[in-house]
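Peer 1: Below is the structure I would like to discuss, written out as C-alpha cells.
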Amino acid sequence: MSAGSSPAVIFDLDGTLIDSVPAIHSVSNAVLTELGFEPLSLPTIRSFVGKGVPNLVRQLLITSGEDPDGPLFPRVEHALIARYETDVEGNVPYPGVVSALDTLAAMGCRMAVCTNKPFGPAEAALRHVGLWEYFEMTLGGDSLPTRKPEPAMLHHCHEALGGGRMIYVGDSEVDAETAVNAKAPFAIYSEGYRKAPLHEVPHDVAFSDWAMLPGLVEGWKW
Ligand SMILES: O=C(O)COP(=O)(O)O
Ligand SMILES: [Mg+2]
C-alpha cells in the first residue's frame with residue numbers, strides 16, 4: 001500500500017485502544033463513597049462505559065437507589081469530572097496497540113480518536129499511556145453538540161484527516177451504530193466492553209489481537 005492510498009483510521013478509545021475500566025472503576029467508587037454510597041464492582045462499572053459521562057452518572061445513581069434526574073446528578077457529575085482528568089493511573093493500552101499504531105503510521109495512515117469520554121479525560125488518558133502523539137485529532141463526548149451514536153464526531157474527524165477512504169475501529173454496540181449512521185466501514189475489537197454476542201453487533205470485520213489490524217487495513221476490500 002503506498003502512502004498516498006492509505007486510509008484514514010479513526011479509533012474509539014475506551015475498550016478499544018485502552019482498558020480504562022480500572023481507572024473509571026476507581027474514580028466512580030471514590031465519588032460514590034465520598035457521598036456515602038456503597039462502592040460498585042468492576043463488571044458493574046464496565047457495563048456503564050461507552051455512552052459518555054451523563055449515562056455513567058445516571059447508572060451510578062440508579063444502581064445506588066437514587067433518582068438519576070434529582071439534585072444528586074450535578075453533584076456526582078461534577079465530582080466525577082474533577083477526578084477523571086487526574087486519576088489516570090488505571091488506564092492501560094491493550095497488548096499490541098503501540099506496535100499496531102507504529103505500523104499503521106509507517107503505512108501512511110492518518111489517525112484520529114473519536115470517544116464519548118469527555119475531551120479533557122481522553123487527552124489525559126492518551127498522554128498517560130503515551131498514545132497522544134499518534135493522532136492528528138481527538139474528539140470527546142463534549143467536543144460537539146452530539147456524541148456517538150450520532151455520526152457527527154466521525155464525520156468531523158474524517159474531514160479533519162483529509163477525507164477519502166476511512167475505517168472506524170471500535171469495541172461496542174454504540175460504535176457499531178455510529179458506523180452504520182456514518183456509513184463507515186467498521187472493524188470491531190472483540191476484547192473490549194461489548195455486551196451482546198459478536199454476531200449480533202453489525203461489523204465488517206472483527207479482530208481479537210491488535211497485531212491483526214494493520215494486515216486487515218492493508219487488505220481491506222473497498
Ligand atoms: O463512555 C465513555 O465515557 C467512553 O467510551 P468510548 O471511548 O468507548 O466512546
Ligand atoms: Mg468503547
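Every residue, even glycine, has its Cβ placed from backbone N, Cα and C.
As annotated in TrEMBL:
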ACT_SITE  ASP12  active site, nucleophile
BINDING   ASP12, ASP14, ASP171  Mg(2+) binding site
Peer 1: Within 8 Å of the centroid of the Cβ atoms of ASP12, ASP14, ASP171, which other residues of that chain place their own Cβ, given that this set defines the recorded Mg(2+) site?
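Peer 2: Near the Mg(2+) site, the remaining chain residues are PHE11, LEU13, GLY15, THR16, LEU17, GLY50, THR115, GLY170, SER172, ASP175, TYR189, GLY192, TYR193.
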Peer 1: What same-chain residues, at least 6 away in sequence, bring their CB to under 8 Å of the CB of ASP12 (active site, nucleophile)?
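Peer 2: When sequence neighbours closer than 6 are ignored, ASP12 (active site, nucleophile) has VAL113, CYS114, THR115, LYS148, TYR168, VAL169, GLY170, ASP171, SER172, ASP175 within Cβ distance under 8 Å.
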Peer 1: Can you check which residues sit near ASP14 (Mg(2+) binding site), meaning Cβ under 8 Å from its Cβ, same chain, 6 or more apart in sequence, and list them in order?
Peer 2: SER20, VAL21, ILE24, VAL49, GLY50, THR115, ASN116, LYS117, ASP171, GLY192, TYR193
Peer 1: Taking the Cβ of ASP171 (Mg(2+) binding site) as centre, how many other Cβ atoms lie within 10 Å?
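Peer 2: Looking across every protein chain shown, the total is 25.
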Peer 1: Check the DSSP secondary structure of ASP14 (Mg(2+) binding site), expressed as helix, strand or coil.
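Peer 2: Assignment for ASP14 (Mg(2+) binding site) reads strand.
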